Amino acid sequence: MIEKIISLLFLISSLTYLYWAQEFTFGTLSSPKSGFLPNLAGVTALLLSLLLIFRQFQSKKTTNKEAVNWIKFLFILIGLMFYLMILTIVGYFVATFLFLFYLFKLADTSGWRVPLAISFCASSAFHLLFTYYLRVALP
């Protein structure tokens, strides 16, 4: 039963994220704008949550009970909303770097160097991809 509730919460959070991501202009596939990646991520999360719900309602009862860390789940949702709020204020690179670092620390990644390095590299890669390869101005 708890899996079904989590699946529905994931669907609701995906819809909420997609709603807030609509504030950014999507552009076209040949000329994407700043809302391309947030909308793509929102649609992907929505499709995955629908697939998860479909599988949860088709599956039989499981006897393996795992504890759900609701605090971490809540902090992930708060982090997503905070990311969307600061995206236009501090810019794409800084907001993405902070959000990725936040997620790594929330996932109990040990140390500070590895999460900082991965967050920086991922943010830089996305920045280079969209700025130089796709020639899209990021917020």
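Note that the numbers count up from 1, one per residue, in the order the chain is shown.
Placed from the backbone N, Cα and C atoms, the Cβ positions cover glycine too.
The model shown is predicted, which means the values in this text are computed figures rather than measured ones.
Quick look at what TrEMBL lists:
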type: DOMAIN; residues: 5-139; note: domain 'DUF1468'
type: TRANSMEM; residues: 5-22; note: transmembrane segment
type: TRANSMEM; residues: 34-54; note: transmembrane segment
type: TRANSMEM; residues: 74-104; note: transmembrane segment
type: TRANSMEM; residues: 116-134; note: transmembrane segment
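Per-stretch counts of Cβ pairs under 8 Å to the transmembrane segment (116-134) identify 74-104 as the leading one among 5-22, 34-54, 74-104. Tertiary proximity for the transmembrane segment (74-104) is limited to same-chain residues at least six positions away from its ends with a CB under 8 Å from its CB atoms, namely 13, 16-17, 20-21, 23-24, 34, 38, 114-116, 118-120, 122-124, 126-127, 130, 138-139.
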